[in-house]
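Quick look at what TrEMBL annotates:
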ACT_SITE  Asp416  active site, 4-aspartylphosphate intermediate
BINDING   Asp416, Lys417, Thr418, Glu539, Phe581, Lys605, Arg634, Thr714, Gly715, Asp716, Arg796, Lys802, Asn825, Asp826  ATP binding site
BINDING   Asp416, Thr418, Asp822, Asp826  Mg(2+) binding site
COMPBIAS  453-478  compositional bias 'Polar residues'
COMPBIAS  1198-1211  compositional bias 'Polar residues'
COMPBIAS  1233-1245  compositional bias 'Polar residues'
DOMAIN    75-131  domain 'P-type ATPase N-terminal'
DOMAIN    172-306  domain 'P-type ATPase A'
DOMAIN    849-1042  domain 'P-type ATPase C-terminal'
REGION    451-483  region 'Disordered'
REGION    1197-1254  region 'Disordered'
Amino acid sequence: MPLMMSEEGFENEESDYHTLPRARITQRKRGLEWFVCDGWKFVCTSCCDWLINICQRKKELKARTVWLGCPEKCEEKHPKNSIKNQKYNVFTFIPGVLYEQFKFFLNLYFLIISCSQFVPALKIGYLYTYWAPLGFVLAVTMMREAIDEFRRFQRDREVNSQLYSKLTVRGKVQVKSSDIQVGDLIIVEKNQRIPSDMVFLRTSEKAGSCFIRTDQLDGETDWKLKVAVSCTQRLPALGDLFSISAYVYAQKPQLDIHSFEGTFTREDSDPPVHESLSIENTLWASTIVASGTVIGVVIYTGKETRSVMNTSNPKNKVGLLDLELNRLTKALFLALVALSVVMVTLQGFVGPWYRNLFRFLLLFSYIIPISLRVNLDMGKAVYGWMMMKDENIPGTVVRTSTIPEELGRLVYLLTDKTGTLTQNEMVFKRLHLGTVSYGVDTMDEIQSHVRDSYSQMHSQAGGNNAGSTPPRKAQSSAPKVRKSVSSRIHEAVKAIVLCHNVTPVYESRAGVSGETEFAEADQDFSDENRTYQASSPDEVALVQWTESVGLTLVSRDLTSMQLKTPGGQVLSFCILQLFPFTSESKRMGIIVRDEATAEITFYLKGADVVMSAVVQYNDWLEEECGNMAREGLRTLVVAKKSLTEEQYQDFESRYTQAKLSMHDRTLKVAAVIESLEREMELLCLTGVEDQLQADVRPTLEMLRNAGIKVWMLTGDKLETATCVAQSSRLVPRTQDTHIFRRVTSRGEAHLELNAFRRKHDCALVISGDSLEVCLKYYEHEFMELACQCPAVVCCRCSPTQKACIVTLLQQHTGRRTCAIGDGGNDVSMIQAADCGIGIEGKEGRQASLAADFSVTQFRHVGRLLVVHGRNSYKRSAALGQFVMHRGLVISTMQAVFSSVFYFASVPLYQGFLMVGYATVYTMFPVFSLVLDQDVKPEMAMLYPELYKDLTKGRSLSFKTFLIWVLISIYQGGILMYGALVLFESEFVHVVAISFTALVLTELLMVALTVRTWHWLMVVAEFLSLGCYVSSLAFLNEYFEHYGYAPSSVGPALRLPTTHSSLPAPCHDLQTSTPGLVLPAEHPAGYGAALDGGPGGYFLSSGHVRPNGAPALESPRIEITSYLGLHQSNSQFLHDAEVEDALPGAKRPAPTATLSLPGLEAYRDPSCLSPASSLSSRSCNSEASSYESNYSYPYASPQTSPWQSPCVSPKTTEAEEGFPRGLGACMLLGSPRHSPSTSPRASVTEESWLGARSS
C-alpha cells in the first residue's frame, strides 16, 4: 500500500531542499569567532548561519554516479549519515521552550504581570505570589520537554552508534552508522536495520533475492521481495566486487518510496554491461532484513534518504474546548481591564491615576487563573490513562493527549471500508466462467474437475511419451463437452495459481526456531509448515483456494515456480517477466513458460473497469460483476494470452530498452506492456468476501442514535461499497438511496444535482470521478446537499479525495470531524481530521501510528466516543469553569474590599495565602472533578442520545460562563460584606475570617458540584481542609496581617500599628507594643457634640470628620500639615505664635506621644502609603508630638487640608521631586491624610470600637 502524503507538500519540500557546501560555512564561522564570546556566541553564530543560508547560492539536488567501494570518487559532498530528531540543542532549549510557551496569550499575560512586580511603585505583596505559579508552570513544561528531548537524543544516539560491517579491499571493518558514506559497501545481517538507502548487490540466498520488512517505513506488515543486481550476484566471491569497475547511476533523491530509476554499469567487460534498476533492487533505510544477509552500495545518506525526506511534523491539532476557553480568557481580560478602569474612575483619577490603574490590574489579575492550563493538561493526561486502562477496549493507545475532549464533540465520522468496517480477511466465495457459476456449496465439483483433468493429462502424457506424440495433440481425443468444462476450469485454476506475487515460506525444521528458508525443488513439501507471504490479502486468499481444490503452490523464486497437482506430481514453470500491481494500472501480469510443454503464456488479472477493455468481446462480464458486487464480493477478472517464441523475443527487447531509459521510463514501460494487453482470452471472474468486523452493526446504530453522521470513503467499486453499507446497517434497508450517476461535465453535474435536490432524507452513493466534477464546479451546492443526508458513501476515492472531503466538511459546516482507517491510504484523511482514529489491521500500522487514537477493532469506537469522549468533555468543561470561578470569587472580594476603603489599590490577601489558595487549599478538590461522571458508562452506552447534547456545546458556552460569573460575584460579595458587617467587632481578624469562609465555600462548592462520588474526592476534600487548618498555626502572621488587637475600650487604647499594604517590618510596629495612653479627663474641642465617647477627641460638627467621611467608621490615624507651625531653620512656633497665625486654633490638653522611627525608616519604596507621602515624613519626633497638639476648626470638610483618600496621600505637582530631609518640613500648603502608621498622629475617634450610629 503506497505511503499516502500530500504530493503538493512533497514538491514544495523538494524545491526548498538544498545543500550548502560545508567548507564555506565552516570558513565563515571561523572568521567570526574573534567577534563572538561567551553567551553571545550562539546568537551571533545563528544569525551568521541564517545570513549564509540566505546569501549563499543554493544548489539543487541532482542525480549522481556512485562507484562501488570508492567514496572518494564522489564529485559532490553528501550529508552525514546521522539521524537527528531533536527539536533543540543545548543553546536553543531554554529560548525555544520559552518561546513556545509565551506565544500564547495566557502565559504572556502572566509574564507581564509577574515582571511588573520588579517596579517598586507597582509592587503588591511578595514576588513569589506571582512568580511561584508561573515558575511552576514553566518548570513542569521544561521538565516534560527536557525528558522528551533526552529520550529523542538517546534514540538518535542508539541508532547512530549501531555498528555495521563495511567491505573494503583489506576485508571487513566495523563502522558506525553515522560514519557511513555514499559509495561504501555495507553488509547487513538478518533482522538488522538498513542504515541508509542502498542498491541491492548480493545476498546469501541462492535465489538471489531476500525479504525485507517495511513496517517502520510505510506501516505495512507484509514482507517485500527484493532482487539483487544479477551482474554482482553472479560473482564468485565478495572480494570480486573490488576487482570489477562498476558504478550505479541513481536519480536525484525523491520522496516517493515506491519508485526508483537507475542503471548499473560494468565498464571492464566488453561490451559494457548495462542493467536497469527499479524499486525491486533497492533497500531503503529504516527497513529490516527478514531473510539472509545482504550487501549493498550506499547511494543516499542522512537527510537525503527516503525515510528522512518522508518524515514530516504532524499537524498540531487544537481542541475545540481549548479554543473556547481561550475566547473566555480573552473575555475575562476585557472584564479585568473594565473593572480596573471603573475603580480608578470611582477613585476620582487623583494623583498618578495611571499607576493606580496598573495596580488594580495587578490586584484583579486572579480573574484569569494561571492554574487553568495546568489543571486542564493534567486532566487530559488522566483521561488518556483511563482510556488505555479500560478493560472493555483493550489495546487502545492515546498518541495525542491534548485532544481527548474532541471525542465528545464529533458530528461527522468518516470511515474506510476495507479493514475498518470489514476484517480484511478474504475468503474465496465464487468462481464464474461465463456459462456456469460455482459457489461455496459446489467447490467440491471444481476439486473433482481439477483432479480428473490432471489425472487424464498424466495418463495421456504417459501414452504419448510411449508413442512419441506431443502432449498438446493428445488432448484433442477427449470428448468435446467434457473437455469444454474440465479444460475451462483447469485453465482458470492454473491461471489463478500462477498469476500472483505470492511466495510460500516454510518453517525451518533443522534451523533455529523462528527462522525461515526457501524450499528447494527437491524438497519434501509439507502442508503443515507452509505459509504464504504477499502484499495483498486478496492474492493469499486466491492461492489458498487453489490449494483447497487440489493445485498447490509449493515453491517460488525469482525465475521459477513449482506447483503440486492432486496426484502429487510437481509442475515447473519458468518466470520470464513479472508486472507488479500498482494503484494506477489496477492490474498485475506475469509471463511464464511451461517447462514440460515449452508454452509461453501471458496471464493478467485486475479490476473489471480496466480488464473489460483488454479482453475479447463477451456479453456476461459486466452483468456478473454487478451481481457479485451486490452480494458484497470483491471481484477480479482473470485473462490469458498465448505467445509464440518470436512474439516474446520481440516484446522482451522492447521492454528491456524501455527499462534502461532514464527519461520517462514509467511511461515507456507502460506503453510496451499495453501493446501486449490486447484481445486477451477471458477465463473467469472471481469473487472474494471481506467479512464484517464483530459488532459493526450495533456500533453504527449507536453512533447514528448519538447524532453522529457516518460517511464511508472507500476505493472499492460502487456496487461493493453499496452492499457493504447496507449489510453493515450504515444505510438501513428501509432507507432510500440515491446513486449519483456518473457525470463528466458541468452540465451533467448540474442536472444530477437538481435531481438529487428533489429527494429528501435519502442516503447518497457517489463515485470519485463524479465527486471530483461536482467539487470542481458546484462545491458549495454539493456540500450543502450532502451534509443533509443521513449517510454518504463515496466509492473509488483516492487518498487525496478522502482528505479533501474531510477538509471541505470542516470548512462548510464548522463542525468537528473524525476519520477512521487502517491502511496507508487513510493517513492523509486521518491527519486532516480534527480527530484521527487508527485501527491496527492487516494492512499494517501506518494508520495507527499516524492517528491521535489507536484501537484494535471498530466496535471499540462506540465506547471510546459515548463514554470516554463524553466524560472527557464534560469534565474538562466543569474543571475549566470551576477554576475560573475560583479566581473570580477572590477578585470580587478584592473589589469589595477596595471599594469599602475608598477604592484604595491595596491587596486583601498577600503572600502564601494567595499561593495556597490556588494550590494546597483548593487544588485537590477542584482537580478531583476529573473523576466525576453524571451517568454510569453502562447507561451512556444504553442511551447514546445523551451524546447529542454535547455537540451543541452546552456544557461550556457563554451562557454557562455568565452563570458562573454571576455565582462568583454573588459569593464574593456575600463573603466580603458578611465578614465586614457580621464580624464588625472582630474587624482585626477580617483576613482570617474572610479567607476561612472563602476556602470553606470552595470546598463546599466542589461537594455540591460532584454528581458521582469517588473515594479520591473525599480524600481530596479532607486533605485540603487539613492543610488549611494546619496552616492556621504556622502562618499566623498572614492571617493577622492587619494587626488590630484591642483588648478593651477604656483609658488604655491600643492603636492599629500595621496596614495590609505595608509589610510589618517596614515600621517595626508590632501589635504587642504599648498603646497610646489617654488622660481620663479631656476638654472638648470645637464645641461640637462628641460621638458618645469621652472628651478629648476632636470631630467636626455634623457627624463628619474633617475629611468628609461619616463619623464612627473604621479607625484611622490622620496626618496633617498646618500652616505656620514651623519656620525657617526648622524652628517651631510657640503657643502664642500659633494662635496668632491660626485664629481660633485651640490647644487641647497634652496627650501621650507615640514614638516612631526616624525619617530614614520611611524611605523603603515597598511601604506604600505613609512612606511615599512627602509631608507625612517628620523632621524629628518632637515635631510630630508638637503638631499633634493642635487642631483647627475649618469651615467645611471640603476646605480642610485633611481632605484626601483614606490610605493614599495626595501629591501636588509643586511637591514632585522635592528634596528629602529636613527641608521638607519647610513646605507649606501641602494637605495630607495618611493611614495608621503616619509619624504625625492624632486620634480623631475614641469610640471607633463601639456601636455604629445610623
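Heads up, the Cβ atoms here are built off N, Cα and C, so glycines get one too.
No curator has checked TrEMBL annotations; they are predicted automatically.
Here the features listed in TrEMBL are painted onto the structure.
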residue: Asp416; record: active site, 4-aspartylphosphate intermediate; Cβ contacts under 8 Å, 6 or more apart: Met712, Leu713, Thr714, Ile820, Gly821, Asp822, Gly823, Asn825, Asp826, Met829
residue: Phe581; record: ATP binding site; Cβ contacts under 8 Å, 6 or more apart: Asn501, Ser535, Ser536, Arg587, Met588, Gly606
residue: Arg634; record: ATP binding site; Cβ contacts under 8 Å, 6 or more apart: Met426, Asp538, Gly687, Val688, Glu689, Asp690, Asp716, Thr720
residue: Gly715; record: ATP binding site; Cβ contacts under 8 Å, 6 or more apart: Thr418, Cys795, Arg796, Cys797, Ser798, Asn825
Protein Cβ atoms within 10 Å of Asp826 (Mg(2+) binding site), excluding its own: 33
Looking only at the domain 'P-type ATPase N-terminal' (75-131), how are its residues distributed among DSSP helix, strand and coil? 31 helix, 0 strand, 26 coil
The DSSP breakdown of the domain 'P-type ATPase A' (172-306) into helix, strand and coil residues is 19 helix, 53 strand, 63 coil
By a 10 A CB contact count over all chains shown, which of the binding-site residues listed here is most packed: Thr418, Arg796, Asp822, Asn825? Asp822
Compute the average pLDDT of the predicted model within the domain 'P-type ATPase C-terminal' (849-1042). 88
When DSSP is mapped onto helix/strand/coil, what comes out for Asp826 (Mg(2+) binding site)? helix
